[in-house]
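Got a structure for you, written out below as structure tokens; questions coming shortly.
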Amino acid sequence: MHPAPWRTLAILFTGVFMAVLDTFIVFVAAPAIRTDLGASPAELQLLLAGYQLAYAVALVTFARLGDRYGRKPVFLAGLLVFTASSAACAAAPGAGWLVAARFVQGLGAAAMFPQVLAMVHVVVPGPHRPRAFAALGAVIGLSGVTGQLLGGVLVTANLFGSPWRPIFWVNVPLGLLTLALAARFLPRTRSNGTARLDLRGAAVLTVALSLLVVPLVAGREAGWPLWSWCSLAGGGLAMAVFAAVERRVPAPLVRPGLVRQREFSLGMCLVLLTYAGINSFFLVLSLALQDGLGLSPLAAALTYVPFAAAFLAMSLLGGRVRHAPLTGAATAGLGYTVLITLSTTPWSFVPALALIGAGQGLLVPPLLNHVLSAVPRADAGMASGVLATGQQIGGALGVAVIGAVYYSALPGSPLHALALACGGILALTVGAIVILRLLPRR
């Protein structure tokens, strides 16, 4: 491939790295934030899932804005908002401020990510596209692990007299550097269409997703009151209204024909299950390692090294493995099974984490290309927004539901709570295996 696309990809992937890093770096710092700011379990879950909620509800809208006004300016705007809100997170005086700043940070990430997927689809020549998407998948996976390790280092270092604020300050210089490079080198691309943005559809989708996710995050702590069940029912109704709206507008936010494509819709279900499992696993494992085994944040982060090493190795070798996504999901499922039955020493986590890392290394990198490969070039922005929404909604729902399973087992043994949570993640993995059996194998 010509060097220019790889330069473009390096800049875009740095933005993705920052956005995904901030999803996971908070997991290791969560106990320190809870102690320092006196955050309740509900506030802690909002801190984690609120970022993903904001990320998720705005992705499709920002994808369409990129199609209409150009992907470069929308990416730059998102990166600027992300960097500024990172500084606001670092300076937060209380849990409420931090949750609000994280929500804005999620909006910045939402503006960036669909532009990355669409530009890869448009800028990279067809024969090289699977390799580019595999590289993007590897960046997404490794940035999650890096978030755990970097979070552990920064929390332990206690820089500037705070164990957790540096995890947000680190984004500021990297964000400013990436902003300068993106302004100078990113190409300008946009969809050929000039239709108006579907503002009504965007509003209905935002309401629907918010109604669905908020009660899952806050419902358990509140004792599942009537409002939480009404919100879930209202979210389902709002999604039905959204589908009806999209069938009637001339330029829908999500073209109904796209979601009727069997391969794309199955792929979206696969993305939901995969990211629900990944995000929730990092959360409950971080909590169990620190609360259950009494490990320091750095020691807990170092426990992820077997996962990271196996993920990297399989990411590089995945192209040589027959039916890599299916093999990866099965391997990860075996790892979760081992983790459910492990003993109480940190070393006993090593084989399970190596299996899970190897499985995710085979599954995640080719996943994006697996889903987007059947999408026409003209639908690249729209499909990228829907796919990215699936990633974030899956992650937010996973954190909410599996997090609720974990907390429901407390104040008993955190390791018992981890085993129950891993049982739920194993069920998600089995669902992913079933879907992979239905999809065409590449």
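Each residue, glycine too, has its Cβ placed from N, Cα and C.
Whatever TrEMBL says is automated annotation, not expert-curated.
Features from TrEMBL:
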type     : residues : note
DOMAIN   : 8-442    : domain 'Major facilitator superfamily (MFS) profile'
TRANSMEM : 9-32     : transmembrane segment
TRANSMEM : 44-62    : transmembrane segment
TRANSMEM : 74-97    : transmembrane segment
TRANSMEM : 103-124  : transmembrane segment
TRANSMEM : 167-187  : transmembrane segment
TRANSMEM : 199-218  : transmembrane segment
TRANSMEM : 224-245  : transmembrane segment
TRANSMEM : 266-289  : transmembrane segment
TRANSMEM : 295-317  : transmembrane segment
TRANSMEM : 324-343  : transmembrane segment
TRANSMEM : 349-368  : transmembrane segment
TRANSMEM : 380-409  : transmembrane segment
If you average the pLDDT over the domain 'Major facilitator superfamily (MFS) profile' (8-442), what number do you get?
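Taking every residue in the domain 'Major facilitator superfamily (MFS) profile' (8-442) and averaging pLDDT yields 84.
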So which residues does the transmembrane segment (295-317) touch in its own chain, when a touch means Cβ under 8 Å and the partner is 6 or more beyond its ends?
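Contacts with the transmembrane segment (295-317): 28-29, 31-32, 134, 137-138, 141-142, 145-146, 148-153, 155-156, 163, 285-286, 289, 328, 346, 349-351, 353-362, 364-365.
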Taking the transmembrane segment (167-187) as the reference, which of 44-62, 74-97, 224-245, 324-343, 349-368 gives the largest number of Cβ pairs under 8 angstroms?
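Counting Cβ pairs under 8 Å, the winner is 74-97.
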Counting only pairs 6 or more apart in sequence, are there at least 3 Cβ pairs under 8 Å between the transmembrane segment (199-218) and the transmembrane segment (380-409)?
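In contact, yes.
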